[in-house]
């Protein structure tokens, strides 16, 4: 216990990709690019969903929440990661590590539930089109989003408190580029059966159950789509649902692989780092691209906003000249 208390007042060292010093500058450049895409893309979706009245629907309410989650998630990781990649010091304070760990868990768990909510929204839109506005009324949408946030918060508080209480026996090196749960658990000098049970249980609740509900929803949607004779409607449904399924596959696939393994699993830590890099940095940047490139409504809304903005600029210039 003394070792645990001692380490709670000491900085942690994020090893990151120090095994490949020649790759660190390349990785930092790639991370910078994807982070900028994440910032611009997700901010654009939030602004367009808010400003364009055509997008004041449940689907885009959930999508703007997903974009906000991705913005917060990457921002809790990337700045510290870039500081460590560019500078000689690769340390993070104990408090900073706890906060990073907490927010990564909180936002990740919330996204798990929100993706399931979005699947239910698509089910209601496709399978109950005449009753869609009654089913997905604003109060229900707000309650589902609030439940997702509260669920993520509760799971993060539980896992963060259990993980950070593990004795580390003076160990300060986190073999990852941010304070994530698998790396922090491997730092412990004891094996915690309680923590493993809690992690597995929450993994079922936040990963397997939502994923099962999503797959069931899309199974029913597929049957409904097969009965649609209009090629235009069929194509539009496939676009919106296909976008969501792509995001679900990218997010859940890597998250289940990383978090549903036993603590004593012998998977290569280097392999885990690159998988973590994928779902923490790359996936949030792909979400806005996936939704905008495959969605005519969003593309049309962006064109309308650009048209209004450019016309406003021209009006200002012509007014100034006169």
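Using the three backbone atoms N, Cα and C, a Cβ is placed for every residue, glycine included.
Note: TrEMBL annotation is automatic and uncurated.
Per TrEMBL, the feature transmembrane segment maps to 26-48 (among others). Sequence-remote contacts of a segment are chain residues at least 6 beyond its ends whose Cβ falls under 8 Å from one of its Cβ atoms, and for the transmembrane segment (26-48) they are 17, 55, 63-64, 67-68, 70-71, 74, 78, 81-82, 85-86, 277, 281-282, 284-285, 287-289, 291-292, 298, 301-302, 305.
Residues annotated as domain 'G-protein coupled receptors family 1 profile' in TrEMBL: 41-291.
Distant neighbours of the transmembrane segment (60-78): 31, 35, 38-39, 41-43, 45-46, 49-50, 99-100, 103-104, 107-108, 110-111, 114-115, 117-118, 121, 141, 145, 177-178, 247, 280-281, 284-285, 287-288, 291, 297-298; these residues of the same chain sit at least 6 beyond its ends, with a Cβ under 8 Å from one of its Cβ atoms. Residues annotated as transmembrane segment in TrEMBL: 60-78 (among others).
Long-range contacts of the transmembrane segment (98-120) within the same chain, counting only residues at least 6 positions beyond its ends with a Cβ under 8 Å from a Cβ of the stretch, are 59, 62-63, 65-66, 69-70, 72-73, 76-77, 80, 92, 144-145, 147-149, 151-153, 155-157, 159-160, 163-164, 178-181, 184, 202, 206-207, 209-211, 213-214, 217-218, 244, 247-248, 251-252, 255, 280. Sequence annotations record features per position, and here TrEMBL assigns transmembrane segment to 98-120 (among others).
The feature transmembrane segment is assigned by TrEMBL to 140-164 (among others).
Residues annotated as transmembrane segment in TrEMBL: 197-221 (among others).
Residues or ranges marked as transmembrane segment by TrEMBL: 242-260 (among others). Remote same-chain residues near the transmembrane segment (242-260) are listed as 66, 108, 111-112, 115, 118-119, 122, 181-182, 199-200, 203, 207-208, 210-211, 214, 218, 272, 275-276, 278-279, 283, 286-287, 290-291, 294-295 (criterion: CB distance under 8 Å, separation of at least six residues from the stretch ends).
The transmembrane segment annotation in TrEMBL covers 272-293 (among others).
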Query raised in the report: Across the domain 'G-protein coupled receptors family 1 profile' (41-291), what is the average pLDDT of the model, as a whole number?
Result: 86
**Report entry** Positions whose Cβ lies under 8 angstroms from the transmembrane segment (197-221), at least six residues beyond its ends
**Finding:** 109, 112-113, 115-116, 119-120, 122-123, 126-127, 151-152, 155, 158-159, 162, 181, 237, 241, 245, 248, 252, 255-256, 259-260, 263
